[in-house]
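Per Swiss-Prot, the features are as follows:
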type	residues	note
BINDING	Lys7, Thr166, Asp167, Thr210, Gly211, Gly212, Ile213, Ser214, Thr215, Lys216	ATP binding site
BINDING	Ser47, Asp134, Asn146	substrate binding site
DOMAIN	275-356	domain 'PUA'
Amino acid sequence: MKTWVIKIGTSILRGTEETSTEEVIETLCRSFTSFLLKGNKLILVTSGAVGLGCQKLNIKTRPNDLSTLQATAAVGQVNLMSLYDKIFNKLGHNIAQILITKADFNSRESFNNASKTLKKLIDLNVIPIVNENDTVANEELKYGDNDTLSALVALAINANKLILLTDIENLYSKDPRKNKDAHPIKEVHNSELKEIKNKNNQNSNNEWGTGGISTKLISAEIATKGGVEVQLVDGTNKKNLIEIFNDNKIGTLFYPLEKPIGNKKSWLSHAIHTVGKITLDDGAFFAINKKGASLLAVGVKNVEGNFTVNQAVKIVNTDNKEVAKGLVSISSDNLRSILNNKDNNNSSIIVVHRDVLALS
């Protein structure tokens, strides 16, 4: 039995002049049914609420202000789920709506609760359909894209694979629409992702660098670090859906780490919202990065923000580059007090234990 998460992008759902959103969803759902009939499990992460809401309200262009985006999402989400429910019900499947914000994954308890609920739903042969709760999410606690959310969902349920359905055939070395020498990238190992992301960021002044590819690379990095294989596939081609369900290597495959960092470290790295920042010295950086040590007070150079025990902080080196995140064992006030009294016996106090410290 396989458990897959499939993310369906807006570019797929909006359809064409010849094909409506409902027809697109019906084609997708019929393909998904063939996968489910083999005894497999499926979770969908779907975009499209804002687009459908705009369509319903006769708004011609995507809104820029948050309140209008939230309003159109509220209207569109009803239509979106109605379409999925109507089509899947006709095919003999039950669905469940799951709306998530960053705040829902911010605590370990809520992350685990979401994980348990999703797992129970698929055990009951229900198809969970996940979307970001755009109606209540503010800018600070907003994913802004379902690529990142789909990776976190895949980690939460220990999925075998994450499928990113989009409107491009592969990841490319350059924007193929502007560069004739662009070549498709068929396979990517986790160790190569950082370089690919950097190259993409260098081209961020063009449409290719600022669009959906950037978030898909982030999604692939999150999932593969946690041990989940990722496949980027052109979902506008009906034949591709058959190919992926037969485990054929189409599109771009992102291979997971051979030794994944695990569910908890993945959550620490990508799901939590940090409330402070700790700068460490070179010795402490070497200790946590190369030796897997805990962060001790003696290695701390500076503290920013106010935090209490078990809150999340960003950990940076002397160049202010993020090197880790973790949950603190000491409040910011007590840590500052220790830093102001370096001669006392508290310099060996653990600030962030290695079990709750995740390298960036």
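Glycine is treated like the rest: Cβ placed from N, Cα and C.
A map of Swiss-Prot features onto the structure.
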| residue | record | DSSP (3 states) |
| --- | --- | --- |
| Lys7 | ATP binding site | strand |
| Ser47 | substrate binding site | coil |
| Asp134 | substrate binding site | coil |
| Asn146 | substrate binding site | helix |
| Asp167 | ATP binding site | coil |
| Ile213 | ATP binding site | helix |
**Fill in**
Among the binding-site residues Asp134, Asp167, the one whose Cβ has the most other Cβ atoms within 10 Å is Asp134
**Request:** Round to the nearest Å and give the CA-to-CA distance linking Asp167 (ATP binding site) with Ser47 (substrate binding site).
**Result:** 14
**Request:** Provide the three-state DSSP residue tally for the domain 'PUA' (275-356): helix first, then strand, then coil.
**Result:** 20 helix, 32 strand, 30 coil
**Prompt:** For the recorded substrate site formed by Ser47, Asp134, Asn146, which further same-chain residues have Cβ atoms within 8 Å of the site's Cβ center?
**Reply:** Thr10, Thr46, Gly48, Ala49, Val50, Ala73, Asn131, Glu132, Asp145, Leu149
**Asked** Reported as an integer number of Å, what is the Cα distance between Ile213 (ATP binding site) and Asp134 (substrate binding site)?
**Response** 21
**Asked** What's the CA to CA span in angstrom from Asp134 (substrate binding site) over to Lys7 (ATP binding site)?
**Response** 17
**Complete:** Spacing of the two Cα atoms, Thr215 (ATP binding site) and Ser47 (substrate binding site), in whole angstrom, works out to 14
**Prompt:** Between 0 and 100, where does the mean pLDDT of the domain 'PUA' (275-356) sit?
**Reply:** 93
**Message:** Return the count of C-beta atoms lying within 10 angstroms of the C-beta of Ile213 (ATP binding site), excluding that atom itself.
**Reply:** 22
**Request:** Between the Cα atoms of Lys7 (ATP binding site) and Asn146 (substrate binding site), find the distance and write it as a whole number of Å.
**Result:** 7
**Request:** Please determine which of the binding-site residues listed here (Ser47, Asn146, Thr215) has the lowest count of neighbouring CB atoms within 10 Å.
**Result:** Thr215
